[in-house]
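If you check Swiss-Prot, you get these features:
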type     : residues      : note
ACT_SITE : SER154        : active site, nucleophile
ACT_SITE : ASP178        : active site, charge relay system
ACT_SITE : HIS248        : active site, charge relay system
DISULFID : CYS233-CYS246 : disulfide bond
DISULFID : CYS270-CYS281 : disulfide bond
DISULFID : CYS284-CYS292 : disulfide bond
DISULFID : CYS427-CYS446 : disulfide bond
CARBOHYD : ASN50         : N-linked glycosylation site
CARBOHYD : ASN66         : N-linked glycosylation site
CARBOHYD : ASN357        : N-linked glycosylation site
SIGNAL   : 1-18          : signal peptide
Amino acid sequence: MLRFYLFISLLCLSRSDAEETCPSFTRLSFHSAVVGTGLNVRLMLYTRKNLTCAQTINSSAFGNLNVTKKTTFIVHGFRPTGSPPVWMDDLVKGLLSVEDMNVVVVDWNRGATTLIYTHASSKTRKVAMVLKEFIDQMLAEGASLDDIYMIGVSLGAHISGFVGEMYDGWLGRITGLDPAGPLFNGKPHQDRLDPSDAQFVDVIHSDTDALGYKEPLGNIDFYPNGGLDQPGCPKTILGGFQYFKCDHQRSVYLYLSSLRESCTITAYPCDSYQDYRNGKCVSCGTSQKESCPLLGYYADNWKDHLRGKDPPMTKAFFDTAEESPFCMYHYFVDIITWNKNVRRGDITIKLRDKAGNTTESKINHEPTTFQKYHQVSLLARFNQDLDKVAAISLMFSTGSLIGPRYKLRILRMKLRSLAHPERPQLCRYDLVLMENVETVFQPILCPELQL
């Protein structure tokens, strides 16, 4: 029995030592959210030397922080349940996997945990002041503002903006992940995240009709799926708590996908989501000279391109799949018809490679009008990227349940990849599509010169 008690004592001591050695993000109970919490900001440092074991740091104790390297601050937002952000560990590890840097998790869970949103939002400037004091000390030790990068989620995006404002916009970069909308919509630039808060500000808007901010806030603002309902998220309250937070959190998971090598999400500068869906805004992907902006960590590769704009701001749109890694692969389908009468309808296109892999895109955001000898360019999105397309199938539908079945006579169809403009363009001539009947054919290389 004595041996058992000694074992339990040693186990408790080892757990206590582990907790002291490796501090973790503050975990609070739902009771804390009910009664509210006072503000306490903790800074936890991760580097490649301590990837899984954080160091608590402050203005007088830097730990492993190397001021000559980039320092990325991760600032979370409102925490109505008191639990740690489920994505935090993945974000820390993802950042350190792509670059040798300092990653500082800004834990203000004591302050953000409350059922009353206004209580949390009222503390954002105080959090920003704590961060400024720490960065001031970093600068005194030889750090450069050029190397300061802040990633702010929801309320954390505005906190990052407040920090940047206190340095007159000389922070290297701020990324806002679905910046909070409530209490910030319509506010003047000094009371929210703004393009002038850093040398480069990129923003992902994923929940503009609820918890997020709709209007542009950065040098480049990304709107996945138009910034509204995200694929794979619950559409009704029957989805439980995910119904409220899934769209809002999607911005974080989209950013995470940019840290992985599985695929790269490309966006298309455009005035509106509808124009993008109609294929009017994909010129950046038609040549290797003018690349499209990339979502997430590598978005700043487009910084020099934006400097040529006045003002240096743009909106970019793209569609995603329902699950990680969320990538969609874009193609232009150019169709010239020779029907005597005008036809209106939808086109469904399938691609198949030599291995038998298939991928499908139904281009049905709005019916397309086909006129004789007029070229129509359709933007098709696929879940898979098939390198060598061996077969293509097309199906035309007017959507009518009654009346005659029409034919769509195609003089020429051309398929070109936007993700890989260097790939050969594929063509087919003299096709007749019977309504609601799938027509399969083998494409040939287009004789035209490549763009």
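Each residue, glycine too, has its Cβ placed from N, Cα and C.
Put simply, HIS248 is the one of the recorded positions HIS248, ASN357, CYS427 whose Cα lies nearest to the Cα of SER154 (active site, nucleophile). Taken residue by residue with DSSP, CYS427 (disulfide bond) is part of a strand.
A separation of roughly 43 Å, to the nearest angstrom, links the Cα atoms of CYS246 (disulfide bond) and CYS446 (disulfide bond). Rounded to the nearest whole angstrom, the C-alpha distance between ASN357 (N-linked glycosylation site) and ASN66 (N-linked glycosylation site) is 48.
In the shown protein chains, 19 other C-beta atoms lie within 10 A of the C-beta of CYS233 (disulfide bond). Using a 10 Å Cβ-Cβ cutoff, CYS281 (disulfide bond) registers 22 neighbours. Counting in whole angstrom, HIS248 (active site, charge relay system) lies 33 from ASN66 (N-linked glycosylation site) by their C-alpha atoms. Between the alpha carbons (Cα) of CYS270 (disulfide bond) and CYS427 (disulfide bond) lies a span of roughly 28 Å. A simple way to gauge crowding: the CB of ASN50 (N-linked glycosylation site) has 14 other CB atoms within 10 angstroms, across all the protein chains here.
For the recorded site, CYS281 (disulfide bond), the DSSP three-state label reads coil.
The two recorded residues, CYS427 (disulfide bond) and CYS292 (disulfide bond), have Cα atoms 25 Å apart. The Cα of CYS233 (disulfide bond) lies closest to that of ASP178, out of the recorded positions ASN66, ASP178, CYS281, CYS446.
Packing around CYS446 (disulfide bond) is summarised by its Cβ count: 18 other Cβ atoms lie within 10 angstroms of its Cβ, all protein chains included. Between the CA atoms of ASN50 (N-linked glycosylation site) and CYS281 (disulfide bond) there is a gap of 44 Å.
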